[in-house]
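> Sharing a structure below in structure tokens format, with a few things to ask.
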């Protein structure tokens, strides 16, 4: 029998012991026979791994002894954690359907049922359960779950509405959610070239979280799309001053804006500004800047530029970029043995850097090569952090 299965048995056994203890000096023989029969029939069925029949037996326990509803909650929650959502739904639905249940216990059962539906992917039924909890002591928790549903479905206007109605608490920051959802709406408006609307959403994000970096990023993107590259550079320069770790989000577009404003000199000025940042050797930054140098001055000059950076701050990514530039810039004749050695080394470094997880969630540990404002693993906002080359190799 699996270890987790023993927990299914331990819960009713622990309940039985507590049930007996709560009655002080009373003996089990003094209790009504149907209650004892139903309880021990359920335990026996669990021993024989007949979970569905055991649920029926424990339903009888609750019918005879209303105080046994906690047993249902414990079993239902464990079924849900094990992924047996159909059984969890059945357990909690039985409680909800009972006519003699007090209001507090019914609200608890309805909330747990909503969690079951959510775990099973039945989002409409989950939201219906949570909506029915308005005016109960589970209303706030249900509102949080509705907010989670809205975020999963990317219904950002609904996210903002629910976040505004939900008070903050440790580990839950509705202002951050409002700012991020507003930025998502701004980006959607930008993609549709609705610039005025995009600006309004950026302002809304800034009002929710005045010092957050993302509104600056999006504001610069809007300016660039409106044909105002100088304004974009001005905004992203503020980003570099206030949130230098976020410059890699805009490096390609910043270089594009710099070229539009000042040509080659503008690009060199932008590179000089960026390479002073601690994030200069991140994969996105190093590749974008080295490619820009190569376009301006050729690959040998770009290799020399990267070589200087790598000498001061060696990283695997920097070495891979340097070797790639050096090889392509130095090949002139027939392939030699040394060329083959360089090719093998370059291929090994490339595979190694491709395996690197450049970012990691500080909440759940989810890793990836792409940056996310909202972690795909746990749904947390602003939890993604850059990882060093040494940490990020799988």
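Each residue, glycine too, has its Cβ placed from N, Cα and C.
Curation does not apply to TrEMBL; its annotations are automatic.
Note that the structure is predicted; figures quoted are calculated from it, not measured.
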> In TrEMBL, which of 6-22, 23-39 is tagged transmembrane segment?
6-22
> Which number gives the other C-beta atoms within 10 angstroms of the C-beta of residue 378 (Fe cation binding site), all protein chains shown included?
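Step by step: centre on the Cβ of residue 378 (Fe cation binding site), count other Cβ atoms within 10 Å, giving 12.
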> Using the Cβ center of 361, 364, 375, 378 as the Fe cation site position, which other residues in that chain lie within 8 Å, going by their Cβ?
362, 363, 365, 366, 376, 377, 379, 380, 383
> For the domain 'LapB rubredoxin metal binding' (359-383), jot down how many residues DSSP puts in helix, in strand and in coil.
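Grouping H, G, I as helix and E, B as strand yields 0 helix, 7 strand, 18 coil.
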